[in-house]
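What Swiss-Prot says about this one:
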DOMAIN    24-132  domain 'HIT'
BINDING   D50, I51, H119, L120, H121  AMP binding site
MOTIF     117-121  motif 'Histidine triad motif'
ACT_SITE  H119  active site, tele-AMP-histidine intermediate
Amino acid sequence: MCDNSCFCENKQDTIDESLDKTCIFCTIAKGDDRYTEILAEDEDFVCFRDINPGAPHHYLVIPKKHIYSCLSLYADDISLVRGMAEMGRNVLKANNVTDLKDISLGFHVPPYITVPHLHLHVLAPYSQLYKWAINKFRTNWYINEEKTVEILMKGKTQMV
C-alpha cells in the first residue's frame, strides 16, 4: 500500500502513443466518443462526467496526451496537476457548486485505477459521497491534489 509519500523509479512510460487507438480516455479527449459530453476543454485537458458517480457532482479531468497514471508524474508536472485541478474547480463553479471547501480533487494510485490514463476525480460535496464510494475515495490509494503537489515539490524524480 502506498503511504502517499514514497517515491520510486517506476519505468512506465509517461506518454505511450500506441495507446491512443485503444484507450477510451484518448478517444474521449479527441472528441470521438459520441456517448460522452465534454463539459470543458482547453488546449491540454478535457472534463466530463464520471459514468459511475461517487457523489452528486463527480467529474473527471484528463490530459489530452496519454499519461498512464499518477505514478508517471515527475516534479516538472506540477503545472499539469494544477491545470487539471483548475479546470475541475471551474466545472464545479459552472455547475453551481459554491462550497469549494467541501470538494475533493484527487487521483487513484495503481493498481486501483480502472482506466490506465491519468484522470483527476472532481467530487462535490465531498461530505456527501455515496455509501459505496466512501472507501474508494477515503483511502491511502487515493491521493488528493494538495498531497500530489506536495510530493512533487520535493523534487523527486517520479511520484508514487
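Glycine residues also receive a Cβ, built from the backbone N, Cα and C atoms like all the rest.
Projection of Swiss-Prot feature records onto the structure.
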| residue | record | Cβ neighbours (10 Å) |
| --- | --- | --- |
| D50 | AMP binding site | 15 |
| I51 | AMP binding site | 11 |
| H119 | AMP binding site | 25 |
| L120 | AMP binding site | 25 |
| H121 | AMP binding site | 23 |
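If you average pLDDT over the domain 'HIT' (24-132) in this model, you get 97.
The DSSP secondary structure for L120 (AMP binding site) is strand. Those same-chain residues not listed among D50, I51, H119, L120, H121 yet with C-beta within 8 angstroms of the centroid of the AMP site C-beta atoms are H58, Y59, L60, V61, I62, V122. DSSP assignment over the domain 'HIT' (24-132) gives 34 helix, 27 strand, 48 coil.
Put simply, the two farthest-apart Cα atoms among D50, I51, H119, L120, H121, the recorded binders of AMP, are 14 Å from each other.
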